[in-house]
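Enquirer: The structure that follows is given in the form of structure tokens.
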Amino acid sequence: MATDFSSIPIIDISPLLAKADDPKMAEDPGVLEVVKQLDKACTEAGFFYVKGHGFPETLLKEVRDVTRRFFELSYEEKAKIKMTPAAGFRGYQRLGENITKGVPDMHEAIDCYREVTKDMYGDLGKVMEGSNQWPQNPPTFKVLMEEYVSLCRDLARKIMRGIALALGGSPNEFEGQRAGDPFWVMRLIGYPGVSSVNGTNVHKNDIGCGAHTDYGLLTLLNQDDDVNALQVRNLSGEWITAPPVPGTFVCNIGDMLKIYSNGLYESTLHRVINNNSKYRVSVVYFYETNFDTAVEPLDTHKTRANGNKEFKRAVYGEHLTGKVLTNFVDL
């Protein structure tokens, strides 16, 4: 239920994190205030910044810097971990290889997924079977990113406990069969900026990433502090800039949470246009449901106050696989 929002709220989630695993968290005034803010943000914009998340700013920067160093390597070096179907669509994509709604995106990226072993999810998971392809250069890459994924997973789980309360359920609503064994996706993305050719500004890229919604439950975006590029569309169709706020994550709602909330929470369209001269790095962590979970509106949201519309059931793994199989060219 998006609105004509003109800015994106900043939420201090430290009171929620302090009590996130307390059986009585729903009775804590500090938690309830955060829950109220989460509910408002998810209902009105589908986007919000979080501060007080516990990640040192030095770690956020290190993750971006290591990613940037990889993208500065030669194509031949980067292609050593080239994405292939045999790797479960994990690895490096060159500029223009990712497709959004049929149009090449002007970014390069490394795609990582929770690793899927043979027959882990039966036929449902065949496409995603494989291990992540981590660069050997920089040498710290694999250890740093695996630690970062673990921290992001824990943070997202705790935010989802607050969102569960906001939806009128128990804090455990998105654990167990829904997201007790969550799948995850991480994209490390580089967006070239504007170059100067013959004294005239020429865009190497038009749309760094075309307008889209995210697939899962909750997204955590760690973006460069000095480049405005992310834009979010409000109900009137206006594109609202989501400028970097140092030390924060940008969070947004995915398609699966929209279904769980029966449309109360919006998986809002967003895009990236880098009109800056600087190369932009973003590291995006996607917290998902269990891979084989059948997602349908929560019992508390099957009858909507403003009508009887109900979102249809979707199996997350099918939803993800369908997107992955149409997102790339020349693979």
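Please read every residue number as a count from 1 along the shown chain.
Cβ coordinates are placed from backbone N, Cα and C, and glycine is handled just like the others.
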Enquirer: Among His270, His301, which residue does Swiss-Prot name as a further Fe cation binder in the site formed by His212, Asp214?
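Expert: For Fe cation, Swiss-Prot names His212, Asp214; of His270, His301, the listed one is His270.
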Enquirer: Give the sequence-ordered set of same-chain residues, not counting His212, Asp214, His270, with Cβ within 8 Å of the centre of the Cβ atoms defining the Fe cation site.
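Expert: Other same-chain residues with Cβ inside the cutoff are Cys209, Ala211, Thr213, Thr219, Asn252, Ser267, Thr268, Leu269, Arg271.
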Enquirer: Please work out the number of neighbouring Cβ atoms within 10 Å of the Cβ of His270 (Fe cation binding site), leaving out its own Cβ.
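Expert: Other Cβ atoms found within 10 Å: 24.
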Enquirer: Take the C-alpha atoms of His212 (Fe cation binding site) and Arg280 (2-oxoglutarate binding site) and report the distance between them in angstrom, rounded.
Expert: 19
Enquirer: Fewest other CB within 10 angstroms, which one of the binding-site residues His212, Arg280?
Expert: His212
Enquirer: What are the helix, strand and coil residue counts for the domain 'Fe2OG dioxygenase' (182-289) according to DSSP?
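Expert: Across the domain 'Fe2OG dioxygenase' (182-289), DSSP assigns the residues as follows: 6 helix, 49 strand, 53 coil.
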Enquirer: Reported as an integer number of Å, what is the Cα distance between Arg280 (2-oxoglutarate binding site) and His270 (Fe cation binding site)?
Expert: 16
Enquirer: Would you count the other CB atoms within 10 A of the CB of Asp214 (Fe cation binding site), including those on all shown protein chains?
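Expert: There are 24 such Cβ atoms around Asp214 (Fe cation binding site).
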